[in-house]
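Trainee: The ATP binding site annotation in TrEMBL covers 185, 187, 188, 189. Residues annotated as compositional bias 'Low complexity' in TrEMBL: 108-128. Residues or ranges marked as domain 'AAA+ ATPase' by TrEMBL: 174-307. Look at TrEMBL and you will find 390-459 tagged as domain 'Chromosomal replication initiator DnaA C-terminal'. Residues or ranges marked as region 'Domain I, interacts with DnaA modulators' by TrEMBL: 1-105. Under the heading region 'Disordered', TrEMBL lists 108-138. Sequence annotations record features per position, and here TrEMBL assigns region 'Domain IV, binds dsDNA' to 363-482.
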């Protein structure tokens with residue numbers, strides 16, 4: 001919770017307090033901010049962290065004022081994890097960050113219609129009502145970047161894309177609802193906005209609501225407080241299409257879940273379409289009632305898998321095409337996209353944020369984007385994105401590569417069919433992990449460190465004389481580091 005207390009000179013002092021842990025004041029936030037300087041670097045701190053102004057902590061959501069919407073989006077993408085970590089170290093448990101541009105600054109900087117729906121605000125925005133007879137313009141709530149044309153399709157997301165396309169095109173469907181789930185930055189929100197854009201253009205008679213679970217909850221609470229529940233029910237139960245983003249946010253909020261359950265049933269019974277997104281599968285949601293998760297899982301459940309190398313390169317190329325309109329004349333040298341796709345593999349938003357930083361930096365210094373610039377400019381991101389490879393992962397990959405059972409490879413058998421792959425796995429474990437030889441030996445059936453040392457030396461010798469071994473090592477290394 002947050003309260004205003006009188007500080008020195010009678011000035012109001014904002015205080016935030018977690019459910020458990022230390023109270024956090026503006027003074028303490030200044031200390032946390034100073035700690036962040038060590039994590040993000042002095043230049044990044046001066047440019048991005050120092051302008052943040054703490055406002056409040058409400059139900060695990062920390063709110064900060066920022067100079068511009070772009071500033072807030074950039075901080076959230078590039079420094080959000082570090083801020084959460086430092087707040088936790090200060091004894092404050094924060095589940096989510098919101099960066100809000102003050103009303104006066106927002107009005108002075110640009111019209112509200114230009115603000116993407118994904119940007120953070122001090123209060124949850126009203127749901128996007130997308131229909132010709134609605135007063136709200138789609139551009140005020142739908143992110144203009146998130147269209148089907150700008151969605152890069154690859155094997156990890158092709159099914160989700162096809163299902164979203166089918167809904168957007170209308171006609172009969174063999175599934176309802178559509179449930180999209182996957183990690184951060186894999187395209188769930190993009191697809192929901194794309195459905196909204198497509199329906200606005202080709203089916204303007206439909207009434208479509210696009211909202212987040214948080215917005216749904218705040219509207220529900222407001223309706224209860226103002227005794228306007230009938231208006232709330234009318235808003236959400238009179239639509240043709242309901243899209244709810246980040247449904248896992250309803251976990252533990254029993255009253256909101258109750259209302260959502262009845263809204264869900266009313267729409268399904270009326271033959272209306274529902275699209276839901278989450279960061280996990282319906283059955284994996286904690287603190288969400290089983291009757292809700294079972295209904296959400298009764299339609300088409302689609303997993304957006306982590307991106308592969310080719311898809312990441314495609315995303316970077318599409319993003320670069322967009323930036324060239326803003327930064328004309330910027331040249332990206334060969335190999336940069338591939339380098340980024342290889343090094344930043346676990347978070348698409350971090351990947352896109354890295355490219356954003358590169359284009360901004362290149363435009364300021366008037367240079368081409370080279371590999372050398374990329375490594376210098378993104379040193380902090382690259383360090384944070386270095387993936388930790390495990391011995392167990394190496395063992396699994398090697399056994400799959402040589403088409404043998406994992407139990408045979410790490411077991412006691414000494415026949416050549418198992419011994420050589422075992423030595424390859426030991427060699428890669430030594431080169432790609434920080435494990436000591438005794439630790440590696442224990443993971444290979446309790447073998448002695450001298451056995452591991454012999455295996456590593458044997459592969460060292462063979463890779464210079466046996467082209468097949470050399471090719472296997474390179475292929476396995478690439479697969480593990482991707």
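Cβ coordinates are placed from backbone N, Cα and C, and glycine is handled just like the others.
No curator has checked TrEMBL annotations; they are predicted automatically.
Source: prediction; values computed, not measured.
Looking at the shown structure, what environment does each listed feature sit in?
Mentor: DSSP classifies residue 185 (ATP binding site) as coil under the three-state reduction. In sequence order, 347, 348, 349, 350, 351, 352 are the residues near residue 185 (ATP binding site), counting only same-chain partners six or more apart with C-beta under 8 A.
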Trainee: Other than 185, 187, 188, 189, which residues of the chain come within 8 Å of the ATP site, judged by Cβ distance to the Cβ centroid of those residues?
Mentor: 182, 184, 186, 190, 191, 277, 304, 348
Trainee: What does the DSSP secondary structure composition of the domain 'Chromosomal replication initiator DnaA C-terminal' (390-459) look like, as residue counts for helix, strand and coil?
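Mentor: So the domain 'Chromosomal replication initiator DnaA C-terminal' (390-459) is made up of 51 helix, 0 strand, 19 coil.
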Trainee: Looking only at the domain 'AAA+ ATPase' (174-307), what are its DSSP counts of helix, strand and coil residues?
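Mentor: Residue counts in helix, strand and coil order: 68 helix, 26 strand, 40 coil.
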Trainee: Using a Cβ-Cβ cut-off under 8 angstroms and a sequence gap of six or more, which residues of the chain neighbour residue 187 (ATP binding site)?
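Mentor: Long-range Cβ contacts: 151, 157, 160, 161, 304, 348.
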Trainee: Would you identify which of the binding-site residues 188, 189 has the most other C-beta atoms lying within 10 angstroms of its C-beta?
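Mentor: Most Cβ neighbours within 10 Å: 188.
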